[in-house]
Amino acid sequence: MASSSSSKLLLITAFFGLASWQQTIAFDPSPLQDFCVADLNSPVKVNGFACKDSMAVTPDDFFNAAMLDQPRNTMNKFGSVVTNINVTQFPGLNTLGISYARIDYAPLGVNTPHLHPRATELLTVLEGTLYLGFVTSNPNKLFSKVVKKGDVFVFPKAMIHFQMNLDHEKPAAALSSLSSQNPGVITIASAVFGSKPPISDDVLAKAFQVEKKLIDWLQSQFWENTNY
């Protein structure tokens, strides 16, 4: 009898463990209908966006005149600009688990180290030569490569990654697809030194093993330049 009870308990534990595991790995879940065009003005709060009335959906909800064939202005201190096409710009992406971006790089421009907490990124080089890579979780191994026009590189979900245009004279460009309708982005330098309110300089000085006055200076740079 005790053996039977133990077996039942084991089965129940396994069942709830499996259910919990499925909940954990679910990210942008598969839609339960053909589509769910985002109603960006809906007062209903859900994980994502509420659906627009399907009877009011038109072909234009599945179209975006993004002009991703056109180069963007890279005149900033990093020499790069990202044009995002996610659910907030393209409501038809809601629940579909995908978004897109164009990245333009000035000569020697850098898309600085950052991560997407909710998406894997697949990057295709349109023009130029890029040095790119990502860093794993501890012990922080770097996987990097020089890639050229037509090459494809993948950045696993939530890994810190970067790209740099190696050409001193010519711009470069890339297209990226991301496995979430809303991948999110955390830029490492601005998150650490430009958070609002700021992280204690005692914490950062200890973490980076530098003097507090250097931390104060770095934080002032990010607080004074909201474009970071």
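Cβ atoms here come from the backbone N, Cα and C positions, even for glycine.
Fair warning: this is a prediction, and the values are worked out from it, not measured in the lab.
Per TrEMBL, these features apply:
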type	residues	note
BINDING	Asn111, His116, Glu121	oxalate binding site
BINDING	His114, His116, Glu121, His161	Mn(2+) binding site
DISULFID	Cys36-Cys51	disulfide bond
DOMAIN	66-216	domain 'Cupin type-1'
SIGNAL	1-26	signal peptide
Candidate with sparsest Cβ neighbourhood (10 Å radius) among His114, His116, His161, the listed binding-site residues: His114
Closest of Cys36, Cys51, Glu121 to His114 (Mn(2+) binding site), Cα positions, recorded positions only: Glu121
Recorded positions near His116 (oxalate binding site), in sequence order, restricted to Cys36, Cys51, His161 and a 10 Å Cα cut-off: His161
Cys51 (disulfide bond) versus binding-site residues Asn111, Glu121, His161 - nearest by Cα: Glu121
Non-site residues, in chain order, whose CB comes within 8 A of the mean position of the CB atoms of His114, His116, Glu121, His161 at Mn(2+): Leu115, Ala119, Phe134, Phe155, Met159, Ile160, Pro183, Val185
Proximal residue to Cys36 (disulfide bond) among binding-site residues Asn111, Glu121, His161 (C-alpha distance): Glu121
Separation of alpha carbons, His161 (Mn(2+) binding site) and Glu121 (oxalate binding site) (Å): 10
Tertiary neighbours of Asn111 (oxalate binding site) (same chain, Cβ under 8 Å, six or more apart): Phe78, Ser80, Val82, Ile103, Tyr105, Phe162, Gln163, Met164
Number of Cβ atoms other than its own within 10 Å, given for Cys51 (disulfide bond): 20
